[in-house]
Structures are given as C-alpha cells and as structure tokens.
Amino acid sequence: MDTIFALASARGKAGVAVIRLSGPASWDVVGQLAGDLPAPRRAALRRLVWQDVVLDEALVLLFPEGGSFTDEKVAELHLHGSIAVVAEVLRVLSGMPGCRMAHAGEFTRRALENGRIDLTQVEGLADLIDAETEAQRRQSLRVMSGAVRERVEAWRRAMIRSAALLEATIDFADEDVPVDVTPEVRLLLDGLLRDLSAEVEGSKVRERLRDGFEVAILGEPNAGKSTLLNRLAGREAAITSEIAGTTRDVIEVRMDLSGLPVTLLDTAGLRETDDPVEGIGIARALERSRLADLRVVLVGDAGLPPGISLDRDDIVVRSKSDLGVGDAVETGAISGKTGQGIDDLVERIATVLGARVASSGVVMHERQRIALESAIASLGLARNQLDVIPARTELIAEHIRQAIRALELMVGRIGVENLLDEIFASFCIGK
Ligand SMILES: Nc1nc2c(c(=O)[nH]1)N(C=O)[C@@H](CNc1ccc(C(=O)N[C@@H](CCC(=O)O)C(=O)O)cc1)CN2
Ligand SMILES: Nc1nc2c(ncn2[C@@H]2O[C@H](COP(=O)(O)OP(=O)(O)OP(=O)(O)O)[C@@H](O)[C@H]2O)c(=O)[nH]1
Ligand SMILES: [Mg+2]
C-alpha cells in the first residue's frame, strides 16, 4: 500500500498549512524530518530538517492505525502557511520511498474502503465541503455523520428479516411449518414502504439544498423588479431604468437568503407587446418562472401582470411603497429604492422555502433517491404478491432481495467501483 500525501488545507498563502500523510510509511517519513516523534494524538513542535537544511518549525501530529480518518497510520505536518514552505516540503516528500502525491479524494476513498464511512457519508462530506449556507451545512453534516447510513441499515435489517421469514417457510415447505409468517411480513413491508416513500418525498426538496432554490421575480415593466433584485443582491447586478422593458434576458443572482441557497431570477416585465425581442424576453420570463420553486409577483395599482394566475405559494407584494398611495404603508409592500419591507420579504421567502425542507428526512442526493425508488418498486411488487393466493413465497423473497441490493448499492456495500471515480472527481486533492 502506497503512502499518500497532499496539502489538506487550501492552496496559497495562509496562516497555517496542513500536509497530511496516510499509509504504512507515514510515521517513518515524518520521523526522518522531525527526528523524535511525539506520542500519537499529541501535537508537538519540531524542527523539520532534510539533508541539513531546515524546512520549517512545524507541529507534528500522528494518528495510529485503526484510529484515524483513513483508518491507516496518519501523520500531519502543520506548517507555516507559506507557498515556498509547502512547495519545498511536498518536494522532499515526493522523494521519499513508498510515498506519492494523493489523487483527488484519495484520503476519503481510503476511509471508505477501510469501512470507516459509507458512500452516503462520502457524499455528505463532499456536500459539507461545498456548503456555503447554514442550511446546507446542517443538512450535509447530518449526512456526513451517518444519518442516512443509520436509516438504511435499519431498513436493510427489516428487509433481511422479511426475506428470512419467507425463506424459512420455503425451506420447511414439506414439513408444513405451523406458523403463518405473512402477517409479520405484511407489517414489515407496509412500514418500509411508508418510511421509504416519506424519505423520497422529502428528498426532492432537499436536493434543492444542493443546487439552490430558484426564486423568480415577476411583474409588469417598470414594476421595480430589477431594483428589487439589486437590493436583495446588494449590488447592481441588473440594469434599471425608467424605460419600460429594460430587462430582456433572465438575470440570475445566487445568494444566501437566511441560510438557504437561492438563485434569484430577474425577468422581463410582462405586457402585451409588438416588439419581437421583448416578446422573446417575456416568453423566457414565463418559462423560467414556471420551473422556479417560488414566484415573487410585484403588483402596482393595476393588479396582477397579464398572463399570471396565482398559485398557492406565490408571494404577492406591492412595489414602490415609498411613493405612497395616500394611506398608511400596506403590509407586505416593499420599496427596492428605500429598502422598506425588504427584510420582511426575505423572511417570507425563507419561511416558505424552509418549510419545504423541514422534515425528518435526510436524503438529499439524486443518486440516493433513485436507489430508494428502486427499492420501493421492488417492495411494492413483493407486497402485491403477498396478497396473492396461493402465495408465491420464493418470488416475494426474490423481490425483497432485490430491494436489499438497491440499498446496498446506495451505501456502497456493493457495486462501488464504477461510482467512485465519478464521485471523487469532484473532490479536491488532500480530501
Ligand atoms: N487536523 C485535522 N483536522 C481535521 C481532520 C483531519 O484529518 N486533520 N478531519 C478530516 O476530515 C476532520 C476530522 N475528522 C476525523 C475523523 C476521525 C479521526 C480519528 O482519529 N478518529 C479516531 C479517533 C476518534 C477519537 O479521538 O475518539 C477513531 O474514530 O477511531 C480524526 C479526524 C476535520 N478536522
Ligand atoms: N420610488 C421608487 N422608484 C422605484 C422603486 N423601484 C424601482 N423604481 C424606479 O422605477 C423604474 C423602473 O425600475 P426597474 O427596477 O428598472 O423596473 P423593472 O421592473 O425591472 O422594469 P423592466 O425591466 O422594464 O421590466 C426605475 O426608474 C426605478 O428607479 C421603488 O421602490 N421606489
Ligand atoms: Mg428590469
């Protein structure tokens, strides 16, 4: 087994840089630079010297085999975060026998192959590293810590029990087993179908936590859509002007909205038009807002813009509240110009979207959801067969085994190799 090493912290100038080594030679190699090694899990300051040249004054930290992130012997060098120090230490390590630079995701791959984490945790870890908002951090941390793994393990146990109950009756078919196992199997399958379906249902929304929710701003020309977008984005992302029909293309701004990842869409003002270019813009506005997760519809005195019929979750707000219409400020009215009502609007958007994510579910990956759907399909077939008389026990058990295989694929117990390259391609080196 090669000993691998890589810069674990971000590239470039920094306070501290961490180089991590994993594999059988990792401690020896560090010993050659540091001289006397500290006790495992005890950071110690050492002068790193190679061929009589001091490389750096660094902290050395060792993890024993069986008690590290990868499960292998691990050594870490916490160096001064200098580009030159890191480059020189990496160069020296490359010359050490049995040592080579790690590939992207290779530390995590070893953790997976050594059974410290499963495939869902690998995906959770990748999501955690990619997390930019609070909701993403929370959700991916749960997955990384094994929330999906634990659930899948419980489901798998229930499936194995169902299959085992049925198989017992197959084995003893000619002995006329006195107990009828179908009631218990029926109960187990119904519970599983309910739980797995609930998980799939919630996962579609949670997948949005990864790519972001799309929120489209709609309204008539000059309603103040682009001004609102700029206000929410905190920068002049879109051109605004008093000319009706300024915005033509859909303008996308990605932002952190109360902890949720949101892509705001500014769109062309909706109206009847003879201008073909404006017409294309309006068609795009309608198309993108149809696919969006949520619509914020700006209205003026004239009411709803043409071509819009309201949906349950639409957020309708009067714009340009600073201009006043005589009476006191309407609740929910906003002004992109003065900022009035903007915090409330953000709150409303976050509440609507947050409510969709809030469920006890954990799955947030398309790959995991597809595995669950496949397990549900197999369980459904098993469940239907259970009501057929005479019961075709072997067929039912086979459907259940199929569902078990789907779960095993999901957590990477089987069929993992072809998936790994794809998954680790998105990892950084050193992770
Ligand atoms: N310096 C440093 N910080 C880091 C990491 C790292 O590799 N190095 N991690 C890398 O991702 C994360 C922590 N992940 C880790 C996971 C397990 C073990 C570990 O040694 N586990 C042992 C002992 C647990 C214990 O102390 O009780 C074990 O589980 O047996 C270490 C780090 C985040 N911070
Ligand atoms: N007083 C006031 N003026 C506003 C407000 N929001 C926008 N405006 C003005 O209204 C005009 C139109 O604003 P835009 O944000 O470009 O409107 P839009 O909805 O994007 O318009 P189109 O892109 O043409 O569809 C500009 O002159 C803005 O300065 C507001 O809240 N209060
Ligand atoms: Mg505009």
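Glycine is treated like the rest: Cβ placed from N, Cα and C.
All annotation found in TrEMBL is predicted automatically rather than curated by experts.
Residues ARG20, GLU76, ARG116 are recorded by TrEMBL as (6S)-5-formyl-5,6,7,8-tetrahydrofolate binders, and the candidate that the same record lists for that site, out of LYS337, LYS431, is LYS431. Among the candidates ASN222, ASN230, the residue that TrEMBL annotates alongside SER241, ILE243, THR246 as binding K(+) is ASN222.
Proximity note: of the listed binding-site residues (GLU76, ARG116, LYS225, SER226, THR247, LYS431), SER226, THR247 have a CA within 10 Å of the CA of SER241 (K(+) binding site), given in sequence order. Counting Cβ atoms from all protein chains shown, ASN222 (K(+) binding site) has 21 others lying within 10 Å of its own Cβ. Considering only the binding-site residues ILE243, ALA244, THR246, ALA268, ARG116 ((6S)-5-formyl-5,6,7,8-tetrahydrofolate binding site) has ALA268 as its nearest partner by CA-CA distance. The CA atom of ARG20 ((6S)-5-formyl-5,6,7,8-tetrahydrofolate binding site) is located 49 Å away from the CA atom of LYS225 (GTP binding site).
Comparing the binding-site residues ARG20, SER226, ALA244, THR247, LYS431 on other C-beta atoms within 10 angstroms of each C-beta gives the minimum for ALA244. Proximity of LYS225 (GTP binding site) to non-local residues of its own chain (separation of 6 or more, Cβ distance below 8 Å) is seen for ILE217, LEU218, GLY219, THR247, ASP266, THR267, GLY269, LEU298, SER319, given in sequence order.
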